[in-house]
Amino acid sequence: MWGGTAYRREMISHTGHALEKSDSKIETDRSQPYGEEVVPYSEKDALQLNVGGRGATQRRLKNYQVTMIGFCGGIGTGLFVGTGAAYAKAGPAGLLLAYAVVGLVLWCVMQSIAELATLLPTAGSFPHWATRFIDPSVGFSLAISYGYCYTIAIASEVSAAAVIVSYWTDITPAVVITVGLVLILAINLMSVRFYGETEVLAGSIKVLCFIALVIVSIVITSGGGPNHEAIGFRYWHNPGAWTNYNGITGSTGHFLGFLSAFVNASFSFIGVETVVITAAESVDPHRAIPKAARRVTYRIAFFYILGAFLIGMIVDPRNADLVSGSGNANSSPWVIAIRQAGINALPSIVNACILISAWSAGNSYCWVGSRMIVAMTTDHQLPQVFGKVTKKGVPYVAVIAAWLFGPLAYLSLGSGGAAQAFSWLLNLSTVAGLIAWATLSFCYIRFYAALKAQGVHRDTLPWKGPLQPYAAWVGFIGSTIITLVAGFPVFLKGNWNTSDFVASYIGIPIFIVPIIGWKLWYRTKFARAANIDLWSGRLQEGEIIEKHRPMTWWRRILDWLF
């Protein structure tokens, strides 16, 4: 039974009820600004009030590590390879518009969750917020679905790494998968600071690779390649800015092409939000998390929107290699354009960057999955054994539990049922990510309602995101729409496929069923805004480890950039 007897039904019948039993522990002068908040808080309080906590993890992530994780973390093969298939279906304008719209939705989600993470830097963050601001049943379900989303993504990325390596050699894919899994486990069992350093290194390589691709793309489209052929906006005119989806002509075909790229783009963006989870292990979440949230704007504009724009200039959307399904550099729109320009040395370099991106993403997903398990432990939704840590604060039991989903990558080597099962698992993980976006946005909507109901001004918070609560509503509605249209191709005439339909939408009942089961068993109630706890679990000034020294002018420039 999830959570065992520790999570007593009478304790959690309503988050507000639990708080009423412990009012003496959370009394505070709500008229005072955040910096003067003096709520006594401990892990013992977290266990009693079900308000989450850090568990026994330690604050070891430096600000620059958190910033780099926010800027580059989660970038896998989607940016370098996955954009090709979307481009073939949508055309230059469709791809650019799709990435811009999804980027807007993600930006809204990020501004919402960054404000929550800065105020409540608890372990796992996401499921705890759902428990506190919506209902414990929603927190339980979100922890399962979001944790699954990222643990299964470990298998996705290491299997992708095996395909990427096949660009150079015929080595058995099982060997590549095994090496990748061992490295991921080893790094995640080390100090979180070491994990942060590996992400900084991998992120730096990703950034340098993308900058190089931007420069090469500009050179190619300007006619500076070995073949000296200027391209300009040729493909915007022929075959045109929009592509007919599956042979459907006119505005309907153009819209469906955009819709296909819209869904594909959302899958590429999933993972950006994970930087917020670092709040519980950041030395200074008040400073690092808002900064990382602001950098997301640059990341969306630089990596995805600029990338989509350049792809529309350098390669023909009718190129068959875009939809070859090779999974390595051969189907990357960047590599296709480089080859057509007569540049022979760069494809292998790009493939190496794609390989590093895949491994780095898998490494990040293991970390995120383990922190979801820790979150369930601190909220009494899993046995406490999963919260055990090493002397350096690494939740080793949770890490191993998350990593154990990685060997599912071996299913991708099979045929028939095994390969189909793996494809289903991947589809489930992407839908779970979208559901998480919608749920997190709704968490902020409930948080905002609680602030108003209890007369708390947002000016007293350590950081507040812009355009609220409108941004949260855009994030919620946009994420919900993407989730609902994710499997639209099966509804087109002659396209029905039961397997594809189930894979696209089974994630919705998987999210709903645990909510129903939890509510039936524990009789939990939807949290009323007036009773939502806004005080327990806040970071106190004395908990901030990193001290800020006066910076020289060049350090200020670097701090502004990164």
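We count from 1, first residue shown onward.
Using the three backbone atoms N, Cα and C, a Cβ is placed for every residue, glycine included.
TrEMBL labels come from automatic prediction, so no person has curated them.
As recorded in TrEMBL:
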DOMAIN    66-528  domain 'Amino acid permease/ SLC12A'
TRANSMEM  68-90  transmembrane segment
TRANSMEM  96-120  transmembrane segment
TRANSMEM  140-168  transmembrane segment
TRANSMEM  174-195  transmembrane segment
TRANSMEM  207-225  transmembrane segment
TRANSMEM  255-276  transmembrane segment
TRANSMEM  296-315  transmembrane segment
TRANSMEM  349-374  transmembrane segment
TRANSMEM  394-413  transmembrane segment
TRANSMEM  425-449  transmembrane segment
TRANSMEM  470-491  transmembrane segment
TRANSMEM  503-522  transmembrane segment
* Asked: Who are the long-range neighbours of the transmembrane segment (470-491) in its own chain, taking Cβ under 8 Å and residues 6 or more past its ends?
  -> 101-102, 104-109, 111-112, 246, 256, 259-260, 262-263, 266, 430-431, 434-435, 437-438, 440-442, 444-445, 448, 497, 500-501, 503-505, 507-508
* To do: Count the Cβ pairs between the transmembrane segment (349-374) and the transmembrane segment (425-449) that lie under 8 angstroms and are 6 or more residues apart in sequence, then report whether there are at least 3.
  => no
* So, does the transmembrane segment (207-225) come close enough to the transmembrane segment (296-315) to give 3+ Cβ pairs below 8 Å, pairs being at least 6 apart in sequence? -> yes
* Segment-level pLDDT (mean, integer) for the domain 'Amino acid permease/ SLC12A' (66-528) -> 85
* Same-chain residue ranges lying at least 6 outside the transmembrane segment (255-276) that approach it to Cβ under 8 Å -> 66, 69-70, 73-76, 78-79, 82-83, 85-87, 89-91, 94-95, 97-99, 101-103, 105-106, 109-110, 113-114, 116-117, 125-126, 149-150, 153, 242-246, 248, 289, 292-293, 296, 299-300, 304, 361, 364-365, 368, 430, 433-434, 436-437, 440, 482, 485-486, 488-489, 492
* With pairs 6 or more apart in sequence, are the transmembrane segment (503-522) and the transmembrane segment (96-120) linked by at least 3 Cβ pairs under 8 Å? -> no
* **Contact yes or no, the transmembrane segment (96-120) and the transmembrane segment (174-195), 3+ Cβ pairs under 8 Å, gap 6+** => no
* Asked: Most CB pairs under 8 Å with the transmembrane segment (394-413): which of 140-168, 174-195, 207-225, 425-449?
  -> 140-168
* Asked: Residues sitting near the transmembrane segment (207-225): Cβ under 8 Å, six or more positions beyond its termini, same chain?
  -> 71-72, 79, 231-232, 302-303, 306-307, 310, 313-314, 334, 337-338, 341-343, 346, 349-350, 353
